[in-house]
Structure formats: C-alpha cells, structure tokens
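Straight from TrEMBL, the features:
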| type | residues | note |
| --- | --- | --- |
| DOMAIN | 21-408 | domain 'Major facilitator superfamily (MFS) profile' |
| TRANSMEM | 21-43 | transmembrane segment |
| TRANSMEM | 55-76 | transmembrane segment |
| TRANSMEM | 88-114 | transmembrane segment |
| TRANSMEM | 120-137 | transmembrane segment |
| TRANSMEM | 149-169 | transmembrane segment |
| TRANSMEM | 175-195 | transmembrane segment |
| TRANSMEM | 223-248 | transmembrane segment |
| TRANSMEM | 260-283 | transmembrane segment |
| TRANSMEM | 290-311 | transmembrane segment |
| TRANSMEM | 317-338 | transmembrane segment |
| TRANSMEM | 350-372 | transmembrane segment |
| TRANSMEM | 378-400 | transmembrane segment |
Amino acid sequence: MASSPDVDQRNTAGVPSRTRMILVLGALITLGPLTIDMYLPALPKIGEELSVSSSVAQLTLTGTLAGLALGQLVVGSLSDSLGRRRPLLAGIVLHMAASVLCFLAPNIAVLGIARGLQGMGASAAAVVAIAVVGDLYSGNTAATVMSRLMLVLGVAPVLAPSLGAAVLLKASWHWVFVALVILAGLLLVMAALALPETLPTSHRRPLKVGGIMRTYGRLLHDARFVILVLVAALGMSGLFAYISAAPFVLQGRYGLDQQMFAAVFAAGAVALIGSTQFNVVLLRRFTPQAITVAALASATVVGAVFVGLTIADVGGLIGFLVPVMAILTAMGFVIPNAPAVALSRHSEAAGTAAALLGAAQFGIGALVAPLVGALGNGALALSGVMTAGMAIALVALLLVGGSHADDETHDGNEDGPGSDDVVAEAVAEPA
C-alpha cells in the first residue's frame, strides 16, 4: 500500500505507533499548562500574603510566560543540533529545581524569578513535543495529530485549577509547587523510558551561532510562515487574557469560591477540547486555513457582542460566560491548524520553527497578562483584549489568504511535503 503523502518516512524507523506517540507527546506538553494553571486559584491569596497588588501578583504569571517564550528559542536550536531527548530531559530537571525555589520564595521578586525559570524548563517539553510532530508528520496528518494532542493537552487545564484548589484546601499556596515537582518528576521518567529519538544524526545541524541565526533568518524571511506564526500567537492571546483575568473577575466580581472557579475553568477547557476534536472531522473536507478563517471571523463577531454586553453591564455571570465559552470554542479550531501549516513549510528545521511558534505564542501571553492587569483585570479589559486579538489575527490571515505568489516549497526538501498545496490537498488519516 502506498504511504500517505502526509507522513514523513525519513524518521519513522523504530518509532512507536501514532496513538502511543500522541499520548507521550500530549503528556509532555501538559507541563506548560500545569505550570501556568495550577496556581491560578492561589493568585489572589499570593497577593495578600506577599502584600502586593493583584497586578503585581499577576507579574508572576508574566514571568512564567516570558520564560516559556525565551526558553523555546534556545531549546529549539539545541534540539535541532543535539537531538530531541537531551534538551527535553535537561529542561524538565530545570523545571523541578525552579519549583523548589518557588516553594522557598520569601517575596514576590524571588517568586517571579523562579516562575521564569519554571517557564524555561517547561518550554523544553513544549518545543520538543511539537518538533517531534514536525519530524514525523506533515500536512493534514500533522494537523490531525495536533488536534489529537489538543485533546490530551485539554485535560491539563481541566485538572490543573482543581488540583491547585484541592491543595489549597489542605495547605498554603507554597505546596502547589511541591505538587508540580512530583508531576514533573513523573514526566521525566516517562520521557526517559518512552520517547525515542526522532531526529537522526544525519539530519542534525551544527551548533553554531552563525548557523542558528541563518536558520532563524530564513524562517523570518518566509512571509507566509511569519503570518501563520502571528496568527497562532494572536489566536492564543485571548486564552492568555482569560487565564490572567479570570481569577480576579470570577472570584472578585462574581464571588465564586476557589472550587467553583476551578469548575468554570474546566468548562472552558472542555469547550476548547471539543472544538479541537471536531476540527479533525472538518479537516477531511476543508483546508486548515479555511477552518482558521471561519473560526477567527466567528470569534471576532462574538467578541464584539461580548464588549457591548460588558459596556452595558448586562447579563451578569451568564452574560460573561457564554461569549467567553464561544470564543474559547473558536480558538480550538485556530490553535492546531496555524502551527501545523507553518511547520509543514519548514520540516527541515522543525525544532527552530516550533521554537519560533512557541516563543511568539507565549511572548504574546507575556504581554497580554500585564496589559489586562494594567487595564484593571475587569470584564471589559478581558473582552476587549480577547476581541482585539481575534480581529487582528483574522486581518493578518486574510492579507495572505488569497495570494499564491509564494506557494513554492520552503523547507529545503523540495521532494518532500512542505508546501501549502500539500496541506490543502492531502486527505487526513484517522489517528
């Protein structure tokens, strides 16, 4: 039987089944969301105990996102040179050490630094997982695998605030970081035992600053790749705005306790999970770009209504939750598709490409979190930032959506998958 044009046959020898790879990679990419989300119910308490304002306490989230962004730029290049496993294992160890420092932090400054180091460690899991997808799959198959990963990844936002809230019922916020040490340790063992090396020595790049900069330069000169990175990052901006403001809006304005907050947060994650899985069905009939345009347009319209409801101060908690859930649902179609198309354009530098994607996404998050805080952590700030992110992403994608002037393969492997044509024409395989 002929192999699928969406599967890169270079690196598949000795690789476990696709289902097993999805489970392993999905578990790894939960480290970032667990790091971000587990302590969210404790944010108001952290501000009180460390005698800082909510916006200052929120900077610890910014530190985490900045660490995730910067770390990916480093890990991406290292993984293209040293292979995927060694940077991954080193990153998880760094995360565990930083979690211990968070537990011991005597003030907000030390906690912020430790959270940044935590983010850098978690970045290794994120970028390596996505790079492995780029090593093994392309086109619609990559988008399908990414959607399956989103299903596994979606469990983390559902469980993380609940786990954090459960810890807070019995202990102080410091012990949330002990739980993170344990979870990261389990991931370390799993990665060491279950994840094979997917980047053969023959495909690795020399670890030279000049070569790394040239690779980044080549990626940044691909206009379509840059637009897709921007779309992926802006598509995540609404999620980060929600993550940063939700504890204060839901617990402060609407009076939800930590357990109810965790339940509402879980509902949003379920909405996100559902749309990522329906995305797999849609990929059998539509291109990833077409799905992304429709999702962004819908989110922009809903966002405009959300802003209007917030300004008019009508609807109460329901008027807040319904548009938020609708926008999160739309994000479930954006988050897997834009990265999959972008990675298909540069499969020969999947680690570096994945690093740029991740750095842009978490970099936007690092900017959005303090922006929402500076605007007051209210429902209007949240609705405005979420809507603006979706609208700008839609405009950016439409600017290149109708152009085919640069559809040639960009991945340096002209005989392999990598062009937008492959993404548009390939048939998705069921996982």
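Here the Cβ of each residue, glycine as well, is placed from N, Cα and C on the backbone.
In TrEMBL, annotation is done automatically, which means it is predicted and not curated.
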Same-chain residues near the transmembrane segment (55-76), Cβ under 8 Å, at least 6 residues beyond its ends: 32, 35-36, 43-44, 46-47, 87, 91, 108, 111-113, 115-124, 126-128, 131, 240, 243-244, 351-356, 358-363, 365-366, 369-370, 372-374, 377
Result, the transmembrane segment (175-195) in contact with the transmembrane segment (260-283) (3+ CB pairs under 8 Å): no
Tertiary contacts of the transmembrane segment (317-338), as residues 6+ beyond its ends and Cβ separation under 8 Å: 143, 146-147, 149-150, 228-229, 231-232, 235-236, 238-239, 242, 249, 254, 264, 267-268, 271-276, 278-279, 282, 288-289, 291-292, 294-296, 298-299, 302-303, 305-306, 309-310, 379, 382-383, 386, 390, 393
Long-range Cβ neighbours of the transmembrane segment (21-43) (under 8 Å; 6 or more residues past either end): 15, 54, 57-58, 60-61, 64-65, 68, 88, 92, 95, 118-119, 122-123, 125-126, 128-130, 132-133, 136, 145, 148-149, 151-153, 155-157, 160-161, 163-165, 167-168, 173, 176-177, 179-180, 183-184, 187, 190-191, 194-195, 243, 246-248, 251, 258, 261-262, 265, 431
Residues of the parent chain within Cβ reach of the transmembrane segment (378-400), under 8 Å, 6 or more residues beyond its termini: 223-224, 227, 230-231, 234-235, 237-238, 241-242, 245-246, 248-249, 253, 289, 292-293, 296-297, 299-300, 303-304, 306-307, 309-311, 320, 323-324, 327, 330, 334, 364, 368, 371-372
Beyond the flanks of the transmembrane segment (88-114) by at least 6 residues, Cβ under 8 Å: 28, 31, 35, 46, 50, 52, 56-57, 59-60, 63, 71, 75, 79, 120-125, 128, 174-175, 177-178, 180-181, 184-185, 187-188, 191-192, 195
Surrounding residues of the transmembrane segment (120-137) on its own chain - C-beta under 8 Å, 6+ positions past either end: 6-8, 11-12, 15, 21, 25-26, 28-29, 31-32, 35, 64, 67-72, 74-76, 79-80, 84-85, 87-88, 90-98, 145-146, 149, 184, 187, 191, 195, 198-199, 339-340, 343, 347, 350-351, 353-355, 357-358, 362
